[in-house]
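What follows is one structure encoded as structure tokens, with my remarks underneath.
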Amino acid sequence: MFDFLIHGFDVALSPLNLGLALLGALLGTLFGALPGIGPINGIAILMPLAYTLGLPAESALILLAAIYTGAEYGGRMSSILLNVPGDAGAVMTTLDGHPLAKKGLAGPALGLSAVSSFVGATIAIIGLTLFAPLLAEVAVMFGPAEFFALMVFAFASMSVMMGKDPVKTAIGAVLGILIGTVGVDSSTGVLRYTFGLPELYDGIDFVVMIIGLFAISEILLMLEHANRKDGNDGLPPLGRVFVSLKEVLACKWTMGRSGLIGFIIGILPGTGASVGGAVAYTTEKRLSDKDNSFGTGNMRGLAAPEAANNASAVGSFVPMLTLGIPGSGTTAVLLGALMLYNITPGPMMFSERPEVAGGLIASLYIGNIVLLALNLPLAGVFARVLTIPRWVLVPGIAILAFVGVFQLHSNLAAIYLMLIIGVFGYLLRKLGFSLAPVILGYVLGGLMEQNLRRALSISGGDLGILWQSGISLGLWIAALALLLLPWLLPKLWQAKTSKA
Amino acid sequence: MTFAADRLLGIVLIGLAAFVAVQAIQLEVPFSYDPVGPRAFPLGLAILLTALASVLIVKPGTNEAWPGRQLSMKLLLVLATLLVYALLFTKLGFIITSLLAVASLSRIFGAPWGKALLTGGLMAVVSYFLFANALGISLPSGYWVEPFL
């Protein structure tokens, strides 16, 4: 049963892939530590690099996954030291992390968060190893109708769980799906929404989309924070650099529990690190906050979201590798990256492309150890990254974006399109949209339509096939239940409390 | 302010949905065995988008604060810089356009002139050699620098 893992370690331990895991961990931590750049931006900016190097699919995935997990590590820097979360997933880290830094315990806080991240990620990687092949075996039974229902479920789960505004999340997903319909329709050859522009016949390119949406819009958004406080006005002193064993052991159950919570939440499509961190934090507050010190610099209050963050990041690989449905915006980007290699992740990947699935999982084990080894002694060095002024950072991102798009297409149309998408992304963010649903819609939209049309050509156009099987019916009901839950729950709650 | 923004967005989105639907209906579809065809999916999305946008108009959400006059000017400057960067990218070559773009962005993001120009020069040259020589990416060098390389 674990053949894929043994095979995977063979792949991941090759000198090239080992080197890439190291490089990715380092680059990811650096990019994650940059002020205002979360994991998804980091991957978007660095992704063209993977193609430039002409890597085979499994190596590219190993590099990108290492960047992803590295960025989750690096993201805690600005949360703890500056109280500025790099992305939504790091918000909970600021609650107790920053107060610790203000108490002069920044060093131990960084150390503890590295250890918690390691523990959380390790729990989740073991979970992934055990759980993913099982899920893949179930998923082999999925036909087009089941996949269509699954995607509907994924979007429903995302709308409810992600962000504060379900309507805007749903609109974002629809916009993303619509962007995905641009280009030639694969089964009839009809051109859709190309407006006679030959550049659009192949659709809106993935790299152009990702870089425009994340890197360019980030540049525009950073302008607003240009006058806000930067790393420049002084980092808090790190204090003693190492976290003591006693402090770590005091949090061991916190880490274990939070890692498990984070993993389970990470598996749900669309939820990602922000929800995992929040649920772990509130659970831990309820369980172990005896003296009401959560929020004032409690070590456990830091360990909980950090363990959960990284566990969810790994957990979100489960649906991506087994079902082809990404669990988060960042895994959606990774899924798109794999599709550029003509690999569609799904239940067959464990049997057909074991080097990709196994290699990735094995490299997560390796990367996780590398990250702990890098982050414990080098926290002070990485913290320096925070002091890079924006007037160096922003032009750097711009150059990477231009070179990344240009080297793939060697034409200016792609660069103009990137700029247009960047403005679009900026407007969406200003209007209170999160970009993750847009990218999820863009990546999944094409598959969703294909599966719908395949299902309906099997049934000869009869819509009934979409909910005929037990699995698809169950998924439809689950999706409906998720959508109704936010309205029903408060009412049930009220009924209960009024009775009591 | 926020109310107006979300309502306006809702109206724009309904306009977009209508456009998507009209375009889909006008598609000329050759005969095929696919019972759904390329029209149905965008049409369904347009209907869903209209429904969601209507909710937005009835119950607008919250937005971030919009940029003031000064910030808007800076935003336009950044966009103009990026656009000029793109326009001249192949004509003047990577090094010189990057120098100009980096210096200009640096300046907009608050660096003094001297530091901005220095950043531009360093970043342009270092990244050119990094990308072109170490990573083997073919970048436009610009016709005028060829003799110097």
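Each residue's number is its place along the chain shown, starting with 1.
Positions of Cβ are set from backbone N, Cα and C atoms, glycine also.
Heads up, TrEMBL stuff is auto-annotated, nobody curated it.
Long-range Cβ contacts of the transmembrane segment (A:12-37) within its own chain (Cβ-Cβ under 8 Å, at least 6 residues beyond either end) map to 45-46, 55, 58-59, 62-75, 77-78, 82, 84, 86, 218, 221-222, 225, 230-231, 359, 362-363, 365-367, 370-371, 374-375, 382-383, 385-386, 388, 390, 393. Residues annotated as transmembrane segment in TrEMBL: A:12-37 (among others).
Under the heading domain 'DUF112', TrEMBL lists A:18-440.
According to TrEMBL, the transmembrane segment annotation covers A:43-68 (among others).
The list of residues near the transmembrane segment (A:109-132) in space but at least 6 beyond its ends in sequence, with Cβ under 8 angstroms from a Cβ of it, reads 2, 5, 69, 72-73, 76-77, 80-81, 93, 97, 100-101, 238, 241-243, 247-248, 251-252, 254-256, 258-260, 262-263, 266-267, 299, 302-304, 306-315, 317-318, 321-322, 350, 357, 361, 364-365, 368-369, 371-372, 375-376, 379, 383. Per TrEMBL, transmembrane segment is recorded for A:109-132 (among others).
Per TrEMBL, the feature transmembrane segment maps to A:138-158 (among others). Using a Cβ-Cβ cut-off under 8 Å and counting only residues 6 or more beyond its ends in the same chain, the transmembrane segment (A:138-158) has close neighbours at 169-170, 173, 268-271, 319, 322-325, 346-348, 436-437, 440-441, 444, 447-448, 450-452, 454-455, 458, 465-469, 471-473, 475-476, 478-480, 482-483.
Long-range Cβ contacts of the transmembrane segment (A:170-191) within its own chain (Cβ-Cβ under 8 Å, at least 6 residues beyond either end) map to 155, 158-159, 200-204, 209, 428, 433-446, 448-450, 453. What TrEMBL records for A:170-191 (among others) is transmembrane segment.
Taken from TrEMBL, the feature transmembrane segment covers A:203-223 (among others). Residues 36-37, 40-41, 44-45, 47-48, 51, 179-180, 182-184, 333, 336-337, 339-340, 390, 393-394, 397-398, 400-401, 404-405, 408-409, 414, 417-426, 428-429, 435, 438-439, 442 of the same chain lie 6+ residues outside the transmembrane segment (A:203-223) yet bring a C-beta within less than 8 angstroms of a C-beta in it.
Within the same chain, residues 72, 87-93, 95, 120, 123-124, 127-128, 131, 153-155, 157-159, 161-162, 294, 301, 304-316, 318-319, 325-330, 436-437, 440 sit at least 6 positions outside the transmembrane segment (A:260-281) and bring their C-beta atoms closer than 8 Å to a C-beta of that stretch. Taken from TrEMBL, the feature transmembrane segment applies to A:260-281 (among others).
Summarising the annotation, TrEMBL assigns transmembrane segment to A:323-344 (among others).
If you look up TrEMBL, you'll see A:356-376 (among others) marked as transmembrane segment. Beyond the transmembrane segment (A:356-376), the same-chain residues lying 6 or more positions past its ends with a Cβ under 8 Å from any Cβ of the stretch are 4-9, 11-13, 17-18, 21-22, 24-26, 29, 57-58, 61-62, 65-66, 69-70, 73, 110-111, 114-115, 117-118, 121-122, 125, 128-129, 132, 242, 314, 317, 321, 338, 343, 345, 349-350, 382.
Residues or ranges marked as transmembrane segment by TrEMBL: A:388-408 (among others).
Residues or ranges marked as transmembrane segment in TrEMBL: A:415-445 (among others). Panel annotation: around the transmembrane segment (A:415-445), residues 40, 88, 151, 154-155, 158-159, 162-163, 165, 168-181, 199, 204-205, 208-217, 219-221, 270, 272, 325-326, 328-329, 332-333, 335-336, 339, 401-402, 405-406 of the same chain, lying at least six beyond its termini, place a Cβ under 8 Å from a Cβ of the stretch.
The transmembrane segment annotation in TrEMBL covers A:465-489 (among others).
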In the predicted model, what is the mean pLDDT computed over the domain 'DUF112' (A:18-440)? 85
